[in-house]
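**Student:** Before we start, here is the structure in question, set down as structure tokens.
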Amino acid sequence: MVRSTMVTAASLVLTMAVITHAYYLKHQFYPTVVYLTKSSPSMAILYIQAFVLVFLIGKFMRKVFFGQLRAAEMEHLIERSWYAVTETCLAFTVFRDDFSPRFVALFTLLLFLKCFHWLAEDRVDFMERSPNISWLFHFRVASLVGLLALLDFLFVSHACHSIMTRGASVQLVFGFEYAILLAMVLTIFIKYLLHTADLQRQNPWDNKAVYMLYTELLTGFIKVLLYMAFMTIMIKVHTFPLFAIRPMYLTMRQFKKAVTDAIMSRRAMIPPFPPGMFPLWPPMGHLAQNLFPQVPAAAPNAAQAQTSAPSASGSQNNGKVTPGERE
């Protein structure tokens, strides 16, 4: 807390000093702005001040929508942020011709919104492990999900309009990233509805896991299609997007896991076929026994005992008297 306060105060003092020095040299507004934009040290200080402002806004929004973050949420946020910063630096190398303050601001805003998407995902997953959910929690999650969905949709629309009017540019990357975030918001919203419905029930909801699985399957399929389309378009119109390799691999691995889990769940619901169902073709019975080892095969002695039991009971009840009974 003290360190962040000192950094904020230092950046503010440096910014005021730079602006005052520029205005003292030029004495007018427009020449002062031109001087600041042409001076590399001045732009570096202004960038630092902008990042500090973004950090302060992020802390304020975190207090509003999340309150106090848990240790696991903070750890996941830091880990994902490092990977996102690395991918952003790789994107800077791909689009170095479009590098500008506006370009940096757009990527900073993208990273800023990604952080809140990750926090919303972790907070909704926390609902499954928390028995008591307050109305404030529901209000925060619902309002945050609605706000993120609106912003993602607006940025996707802006990117599509820019691409159609100006051609393929860096807006292609932003449109794709916000489309992925919009699919992520859809997943968060469906999970939130499922967790809320489960909390309203007195008994455990057995079908909840199935709905969760198919939600992951649907959104994973959408993300895979988006990544494939993005890679194809980028290779054709620009260059190979190296920064998209890691998230694409993770998305495909997650989708493969969802498909495998869905197949295994469907197999678990199919009733097994005991070998006795195939009397005309014994190899089919052995194949079914290998596929479904949880069903024990009927032993020959047990089958003979079952067939001999009715005959034995019939011999006792047919009214005949044995020689031992006469005596």
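The first residue you see is number 1, and the count goes up from there.
Just so you know, glycine gets a Cβ as well, placed from its N, Cα and C.
Below are the features I grabbed from TrEMBL:
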| type | residues | note |
| --- | --- | --- |
| COMPBIAS | 299-316 | compositional bias 'Low complexity' |
| DOMAIN | 5-269 | domain 'E3 ubiquitin-protein ligase synoviolin-like TPR repeats' |
| REGION | 299-327 | region 'Disordered' |
| TRANSMEM | 7-24 | transmembrane segment |
| TRANSMEM | 44-61 | transmembrane segment |
| TRANSMEM | 103-120 | transmembrane segment |
| TRANSMEM | 140-160 | transmembrane segment |
| TRANSMEM | 172-194 | transmembrane segment |
| TRANSMEM | 224-245 | transmembrane segment |
**Student:** When you look at the transmembrane segment (44-61) alongside the transmembrane segment (140-160), do they share 3+ Cβ pairs under 8 Å, ignoring any pair fewer than 6 residues apart in sequence?
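**Tutor:** They are not in contact.
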**Student:** Using Cβ atoms and a strict cutoff of less than 8 Å, what residues sit near the transmembrane segment (172-194) while being 6 or more residues removed from its termini?
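**Tutor:** Sequence-remote neighbours of the transmembrane segment (172-194) are 91, 95, 106, 110, 113-114, 117, 120-121, 124-125, 127, 141-142, 145, 148-149, 152-153, 155-156, 159-160, 163, 208, 211-212, 215-216, 219, 222-223, 226-227, 230, 233-234, 237-238, 241, 247.
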**Student:** Given the model, what does the mean pLDDT over the domain 'E3 ubiquitin-protein ligase synoviolin-like TPR repeats' (5-269) come out as?
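**Tutor:** Here the mean pLDDT over the domain 'E3 ubiquitin-protein ligase synoviolin-like TPR repeats' (5-269) amounts to 87.
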